[in-house]
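Take a look at the structure below.
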Amino acid sequence: MIRPSATRIALIYPELLGTYGDGGNAIVLAQRLRWRGLRAEIVEVPAGEVVPADCDIYLLGGGEDEPQVLAADGMRRNRSLLRAVSGGAAVLAVCAGYQVIGATFPAGNGQIHDGVNLIDVETRRSFEPPDVPPPPRAVGDIVVEPSPQLGLPTLYGYENHGGRTRPLPGFRGIPLGTVRVGVGDGTPARTDGVVDGKVIGTYLHGPVLAQNPALADLLLTWVHGPLAPLDGPREVGILRDARAHALAEG
Ligand code: GLN
């Protein structure tokens with residue numbers, strides 16, 4: 001299924017959801033298509049503008065508590081992201097983006113705020129009883145063993161978040177994986193992220209797709225069908241060095 005038209009990669013509200021260089025994920029996806037002789041177009045959607053419903057892949061990055069409230073409100077005003085996903089589009093949502101596409105998350109003032117409701121998860125400062133102090137902010141390298149059915153190698157990234165995320169009753173997806181180093185969702189199951197249809201949520205920054213090209217190719221395969229392999233020994237060597245550092249930290 002090679003399509004003549006360019007694959008449209010939407011970068012949603014980069015001013016609000018772009019604190020951690022997650023915009024790099026758009027560049028990685030576009031470049032991996034171009035290296036294969038395929039066309040790609042990055043569609044930046046500035047905050048305040050309507051999210052187009054005709055893109056193939058939607059990217060949401062990390063952000064601080066208040067900007068992510070604005071992002072959630074902006075996306076809830078029109079339901080184009082939900083429509084695009086029901087029409088077959090893929091989503092990668094990182095950290096604040098992951099929290100925003102869930103049902104609820106904590107705003108900067110501690111109040112619980114409504115998310116976009118694309119996936120059945122909720123985020124809180126803590127899932128402990130009120131008399132137990134909330135856990136410390138999760139900051140540092142994170143290494144995740146992906147759920148086996150995804151067919152992915154070990155995932156590497158960086159996390160920096162206060163929120164903890166868990167599935168709600170009715171959740172239909174699977175965890176992105178099990179945390180080997182770091183915190184991730186911060187649940188007793190020690191999982192990070194979710195995969196629900198073609199929607200991926202995760203706490204891995206990095207930008208995660210630069211560190212994990214197989215994850216980039218999984219997203220591309222979802223919207224494109226099978227793709228030719230790409231990475232040679234040089235690319236594999238660079239990643240191996242970066243990953244050794246993450247493991248040594250853990
Ligand atoms: N503001 C959110 C939190 O602290 C998300 C942080 C982020 O995107 N890195 O949990």
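Here the Cβ of each residue, glycine as well, is placed from N, Cα and C on the backbone.
Since this is a predicted model, take the numbers as computed values, not measurements.
Here's what TrEMBL has on this protein:
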DOMAIN    8-212  domain 'CobB/CobQ-like glutamine amidotransferase'
TRANSMEM  81-101  transmembrane segment
ACT_SITE  Cys95  active site, nucleophile
BINDING   Arg137  substrate binding site
ACT_SITE  His205  active site
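Known features from TrEMBL, placed on the structure.
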{"residue": "Cys95", "record": "active site, nucleophile", "CB count, 10 Å": "31"}
{"residue": "Arg137", "record": "substrate binding site", "CB count, 10 Å": "13"}
{"residue": "His205", "record": "active site", "CB count, 10 Å": "23"}
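The two recorded residues the residue listed as 'active site, nucleophile' and the residue listed as 'active site' have their Cα atoms spaced 7 Å from each other. Across the domain 'CobB/CobQ-like glutamine amidotransferase' (8-212), the prediction's mean pLDDT works out to 96. Here the Cα atom of His205 (active site) is found 15 Å from that of Arg137 (substrate binding site).
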